[in-house]
Amino acid sequence: MSLCLQARQLACERDDRWLFEGLDLDIQSGEIVRIEGPNGSGKTTLLKILSGQLTDYRGELYWNGEPMRQTREHFLANLLYLGHAPGVKAGLSPLENLAWYQALSGEEGSESAREAALAGVGLSGFEDIPAGQLSAGQQRRVALARLTLTQRALWVLDEPFTAIDRQGVAALEAQLVAHAQSGGCVIVTTHHALTESPVLRRIQLG
Amino acid sequence: MQRSHAQLSTSAVAMHAPQGGLLVAIKATLKRDLTLMLRRRGEVLNPLVFFALVITLFPIGISPDPELLSAIAPGLLWVAALLAALLSLDSLFRSDYDDGSLEQLLLAPQPLAALGLAKVSVHWLLTGLPLALMAPLLGIMLSLPAGSYAVLAISLALGTASLSLIGAIGAALTVGLARGGVLLSLLVLPLYIPVLIFGAGAVQAAIFGEGIAAHLAILGALLALALMLAPWAIAASLRISING
Amino acid sequence: MWAFINKLRSPKWFYAISAKLQPLFWVAATLLLGVGTVWGLAFAPEDYQQGNSFRIIYVHVPAAFLAQSIFVSMAVSGLVFMVWKIKVADMAATVMAPLGAAMTFVALFSGAVWGVPTWGTWWMWDARLTSMLILLFLYLGVIALRGAFSSRDSGSRAASVLAMVGVINIPIIKYSVDWWYTLHQPATFTITGRAAMTMDMWAPLLMMVVGFYCFFIALTLTRTRSEILRREANKRWVRELAEEAN
């Protein structure tokens, strides 16, 4: 059995304005789903709902067939969410940042695995520099290192290509495709074209 | 049931059952916040300097008369320490909110209340406790009568723990607001009053040679209550704030 | 129970039912307050120690009761809003907060006026007045927090949490202030601790208290109704209502 995230009649009202209504989604293993829509159409809000941050919605969410409210812990254990802000502490080195994220999911992890993950995003040599001294793109890469470091089936990524250079974009896109092909699942918002993705599905909002 | 998800998975990306590890997460959060605070020494020192400054203002504003000062010293020390602890509260969740790590904290497969409590513990360890240790020194400058110094430090150490917990609720409620600092004081100060009454009362009682056990017991009870209830309120408030 | 909660979910239902209820409470409030005021101020006997100045209790005591009760009902509304997501409960909590703050202010002001003949000063740190003052700050905090959010939904939820935190603290604050006051004991007279009252002093007081509560319920209903119209202005049933009125 593979993962599956379903939404039934999902609706979100923000201050008496419906961002979206009657949204039905079936997201399965092997898919890359791109949420599209103009600014203010509720893309980020939808991602926050699908990643379990916002609970103020109408309709039902199901994770592997069970209502989200009952299986939230199992869902969170399989989720990796990267938001607008990279979530990288300026006062900590990339290694320390990653160590905290690993520990949050309940495992100590190993220093060598973290170093390998940082090397994977092209940050070898920057492991011990305070993240505040890195460029915006490098900080984003520290966050992206979590994709390889923590094995999670469902990736929810809000504008992950922000501040990443062209080579990085290609590598990240390849990584998303590889994740989907090996049975994972990606939900993403981006202005980037995602030309290399054979399995791309689009969901239009607004 | 949940294990079977993982076993039946035909794909390379396996599903995980929640693996617990709350202690690992708490330990890492304590270490992270301590490291961050100790790298920004100023933030640790500022409340202490503020405390000393406010205490300096009173003899200048009122009178240098030692008798008068010693009469009002318990209250002054407590009020000034309370304000100093308040001063540092706004930054408790602020930087985590700004750089996005608060979202990640909320999405950790761990109880948010426990992680919030870890952050509050660090706050107390680096503001409340140093304030309590510094207070006797300032007590000397206000001619605090002998015999009440230890009680001053103990009551402050106990009391500031409650203040950190209650204040964290206010900090969590206002972290999403651009200028939440003044509002935070408005929300939190009325709730501080019981702690102030029994904290300053303990020092007064020690000066008058009365029993202090009751005061300290009540301070302990307030702390126990805050420990039980505040983490849930902090967690709920953080979830509200993150949705802005 | 569940059917009732589900009905409450619909502001339209509440709007209809409150239309029937509110005249009842307005009439009751007017009668009770009218009779109570005349009886209390003109016919009730003088207090043997305080003379006529004791008559301020006919305003002070009901206002003080109400000030505390409104905070509790505000917190309960907040809880109902958070648990069952009933919007009407939040609208009620929204309109209750300024009303509660106003009542607290009335209690404080009447206490200060009473203080002039009794203590010879406008303000004494009397236990009850001090608790009232802190309560006023709690109200102001809830109102300010609600107003500080740009998203009304978040503001509502934050205010609900703060009201609940406050309601847990109110008894603690009250107890500790009472304890603090007995320790220092600056005044001989306290605003509530006076000699036993006779029946004809009690009766108008009871009337005033019940009258104040009716007034609170009536005003909350009326103001919640206008809050419903304001927030649901885009909904079809409100537009139809407006068309009918035209």
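Just so you know, glycine gets a Cβ as well, placed from its N, Cα and C.
Checking TrEMBL for transmembrane segment across the ranges C:3-23, C:129-149 points to C:129-149.
Residues of the same chain lying 6 or more positions beyond the ends of the transmembrane segment (C:201-221) and with a Cβ under 8 Å from any Cβ of it are 18, 21-22, 25-26, 28-29, 31-33, 35-37, 39-40, 43-45, 47, 57-59, 61-63, 65-66, 69-70, 92, 95-96, 99, 103.
Counting residues 6+ beyond its ends, the transmembrane segment (C:56-84) has Cβ neighbours under 8 Å at 5, 8-9, 36-37, 40-41, 90, 92-93, 96-97, 99-100, 103-104, 106-107, 110-111, 113-114, 128, 132, 135, 138-139, 142, 156-157, 159-161, 163-164, 166-167, 170, 191-192, 204-205, 208-209, 211-213, 216 in the same chain.
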